[in-house]
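Notes follow the structure.
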Amino acid sequence: MSLPNHSGSSAFKSFSYIVGTGIKRAAKLSTRNPIEMIVVVLILSSFSYFYLFNLARTSDIFSGTVTRLYPTSVYAPTKDHSFSVVDRTADSTIANNAVKVHLHQIVVSDPKHGVLSRQTLASVLRFQQMAENEIYVPDSTAVNRFAFNKDLCYKTTLPSSYSSHSSDSNSNSNLNSKTSPCFAHSPADIWQDEATLLADKNIRSTIEANLDTAKNVFGDLQLNATYASSVTLSYAFNTTGDYREHLADMWKHKVATLPPADLVSLSNIGQQENVFAWLFIVTRNVIFRVKELIDLADNIDIIVILVGYIMMIATFISLYVNMRAMGSRYTLATAVVFNGFFSFMLALLTVRALGVDVYPVVLAEAIPFLAVTIGFERPFKLTKRVFQFSKETPLTKQEIRTTIMRAVDTVALPIARDCFMEIIVLVLGAKSGISGLEEFCLLSAILLAYDFIIMFTWYTAVLALKLELLRIREINGISADDIKKGTKKSTGYIRRTVIKAFSDDHAAGANTANQKADGPIIGRVKLLMIVGFVVMHIFKFCSAFQSVGPQVNITEPSIAVVLDQLLEQHKASSQASLPLFVQVFPAMPFHVATVNKSFVPDAITRPLEALFDTYAVYIQHPVISKWLTIALFVSLFLNTYLFNVAKQPKQIVEQVNQDKKITNAIESTNNTHIEVTEKQKPTIQSPGPVVSSAVVMSPNHKRSHNHHHSHSHSHNHHSNHHQSDIVRPIDECVALVRTPEMLNDEEVISLVENGKMASYALEKVLGDLQRAVGIRRALISRASITKTLEASALPLENYHYDKVMGACCENVIGYMPIPVGVAGPMNIDGDLIHIPMATTEGCLVASTARGCKAINAGGGASTIVIADGMTRGPCVEFPTILRAAACKLWIENEGNDIVTNAFNSTSRFARLRKLKIALAGKLVFIRFSTTTGDAMGMNMISKGCEKALSIITEHFPDMQIISLSGNYCTDKKPAAINWIEGRGKSVVTEAVIPGAIVEKVLKTTVAALVELNISKNLIGSAMAGSVGGFNAHAANILTAIYLATGQDPAQNVESSNCITLMKAVNDTKDLHISCTMPSIEVGTIGGGTILPPQQSMLDMLGVRGPHPTEPGKNAQRLARIICAAVMAGELSLCAALAAGHLVKAHMAHNRGTQAPTITSGPAPSTGTEPGTCIKS
């Protein structure tokens, strides 16, 4: 018998270990990042608040009604000729094949003037026409929509094929197809339409002629005075089936919330009444609702609820008193209350998501019992233990995180145990099947779970901030004890008595033994209270949570006559053999619109009304409310960031002072140890010619020195990483891995070299990107043959590594500066644009600038984008060539739209424009050509291709995907298909240069240029078998602009496809030049364009980021600029070749200065001017 006990004990220990570990991790995360945790919980609670507020706005609390009526259900079995009232929850008494009908009524009232005026009756008839024929449900246009007269109404003669009357599917598809009249009861029974009414000369006589109908339609009818206070419209809905019932409810909601017109719904009374009237209505409804509930309840119910509210108030008072006794006046007690409030909102939202309706009556009765039984004992216990541990030593000498974690360790498992047992009891109550009790127990169980989670996350973060504030007070000389002493001196006798009555004897913290003894007793008492509460309701000792409100009075003439007519017509129909079940719903009140008069001046009410209307719109709107929450999220995180930045300088000064004290102490006591350490430290010597002898410094010391100076500018919070030269043992360093700021650089290097830390993960582990790059650089340098990288001239500091990580490069050891020159400005399509070019080739920028000057003198360049489509060419395989051919034909014909729709569904910007399919044996190559907005688009189109291939696989299951990229694109490789079909942006540019400019600026003639272009660019390239290379040096200019603007340099292979054409025009006096580039692959978002230097160049061109109104226009503009710049470079180089200036210019420019030897100091001036390039 011992084995089972041992197994059960082991299982319990395992469960306790899992729960304890989870609590510790949550608490550790909260204490490490308290502000972030508070922000996250506030955001979740904000989402819950917006949703619940929108839900409350639709409640009748906000409408003009005072008393809430519940529907009355009546049932007529097959043989009965009258209705009998049935319980609305007793579904078992209703036959499965019963015809179900909902009866909704609209009551239009005007007690002051009556409703028998011609104008009012005309408004009612117009309203009836609109309600029956113009209100469609549901709102979505993506599904079939239905109106009352055509689809929703109950028709006395249903189709003869009617069967399976309770089937949802039958109800959805068999919406009344015959044109039999709908059942409705209204003034239209007297006047057919508005025209008939207006033609009626004597309304009183007409009513007398139809007196029986009029008595049931008009309320308080007085013929002698031609007066009636109200008019009733009755509508019967066929709700046989859940879908029909849902449609009827939607129709009712849309009618009840119609905007004010001639008739105003009391549900929308706030839209017509002023703000003060609306607030008065809400207050009045709440008061009358409470009075109604008190009248309906038994005396014992009232006593139980009243005692519950008194105990709830006492619980709140006790909480504040006990927290004040521990040293927190209002902060922690308010935080505990908010902890419970957040849990309550999240629990209510969860219960709503589970499809359980919790009525306001249940909530009103449940809140005091929730506050008392669940209470605030758990957060109070945690707070008390935290303050006990914080008083063991001065706060200035404590690690706040450690103090809170000690407290969590001692109380976590007892709290979890009590909470778990209470949840089990409440879950059993939720399974009891008693209406009201089920909802209460389910809500309580979920609330307990949320309260437990939020306490060890949000409230723990609040405790961490509270202790930090107390520590700051102690540093400034003000302790919590001093505050408590100051408050106790002024406490009177009565106040002390009240505080003693509501306070916990051990709130200030006595001995631990007593607390351990009291803790289980409190938990057991609470558990017994919950058990007793559930048992009391199961055995019906009291009826709270089960009271049923007043129902619709079906004996009123306006309802009774309608029910009799409904039953009579049903018995005369083809479905007389079926039972009839009718639910009579409360009437929807409307009143005739009147001019409002208020005792409050318009100057006050109008601004308040505008404010409330704006608030209602933004809070109720399903999209705007989410964006408001996101804006709150961003705002809170920005404030968090700024708060951290604001408090850093003070912390740094304190840390520096402490470091100085520690350093002085070490130097005064351990000088011998430090000298030995320095002697033992190895020195790495670099080859002589590389390092200058002007400064003698070891590489390690130099790196630390540089790293220190860089951190003083951009990483102040890590300035003390490597101030100590003592390298601790590896085991001690491993223990400090989670606090990398405590390790110096040499210790991190030793961890990597010993396999305790991955080199590629340095950024993630250290949290300081620049420090990680420097350490990786040292590691690679020491492992290399030459060992020169660590002290090399490759820059390290002041770079945006946060933009690089995870996007542009891995295993970063620095960055490579490339000089950026500017050609131009160049007149491109009427705009003067400076062209940035990053290059190390001398003469390139100057040559392009000369071409710009010549083109500008001729009126500038004109460009046009003739095609835009990034491509991807996956490769798939079939078992036979017949299946491959069948796939090709299917994609080119009926499958084209299917594939296109699947592709386009993956992105807002990617749009499939063209498909080109080729076969090679059993292999099929599909070339997708797609517009991708302002992105270059390779990732975007790859995602679309995957989706399209999955759709093709559904039609061809035997298809096998070989590769998502089958080199049929073709990307980063020379290919004729890009030259012929195009890829990316296909651009053409042209310019006309006068002959005089050719001779003056370019130093040659038009004839010489034309002849050179034909011989070199056309015939020469053809002789070489070139594909797309009919140009002089298009790749030169394109790649320079690519590097400057963050494009993919490897794509210059296909992007440089260009044909340059020159022709003598205007009687051979002027030169016409054009460049055609069919495959320029560029983007202005993503990739290297996220780096700030590259973004600055895009800013200079005016094409950074996505275009605000026309997606893709910025990327097309960049392609136009590149093509025009290529034309300028082509023109200048061809002119230099024609004039024989090329060699002279390159010799002068590239050999003008001698490259200096790298030294640790600034390079001395050579005193020579750089060489000149092609002169104009």
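Cβ coordinates come from backbone N, Cα and C, glycine included.
Asn238 is the residue among Asn238, Asn670, Asn904 that Swiss-Prot labels N-linked glycosylation site.
Per Swiss-Prot, the topological domain holding Tyr75 carries a different name from the one holding Leu766, which places them across the membrane from each other.
Between Asn553, Asn1066, the residue that has N-linked glycosylation site written against it in Swiss-Prot is Asn553.
From the options 276-296, 423-443, 990-1010, the stretch Swiss-Prot describes as transmembrane segment is 423-443. When Asn224, Asn1013 are compared with the annotations in Swiss-Prot, the one labelled N-linked glycosylation site turns out to be Asn224. Among the stretches 300-320, 331-351, 445-465, the one making the largest number of Cβ pairs under 8 Å with the transmembrane segment (35-55) is 331-351.
Distance from the CA of Lys972 (active site, charge relay system) to the CA of Ala935 (NADP(+) binding site) is 17 Å. Comparing the Cα of Phe909 (NADP(+) binding site) with the Cα of every entry in Glu841, Lys972, Asp1048, these being the active-site residues, the smallest distance points to Asp1048. Between the CA atoms of Lys972 (active site, charge relay system) and Asn939 (NADP(+) binding site) there is a gap of 15 Å.
The most densely surrounded of the binding-site residues Ser907, Asn939 is Ser907 (count of other Cβ atoms within 10 A of its Cβ). The Cβ of Ile941 (NADP(+) binding site) lies under 8 Å from the Cβ of Met870, Thr871, Arg872, Ala910, Phe928, Thr930, Thr932, each on the same chain and at least six residues away in sequence. Under DSSP, residues within the topological domain 'Cytoplasmic' (377-422) fall into helix, strand and coil as 40 helix, 0 strand, 6 coil.
Neighbours of Gly937 (NADP(+) binding site), defined as other CB atoms within 10 A of its CB across all chains, total 27.
DSSP assigns Ala935 (NADP(+) binding site) to a strand segment in the three-state reduction.
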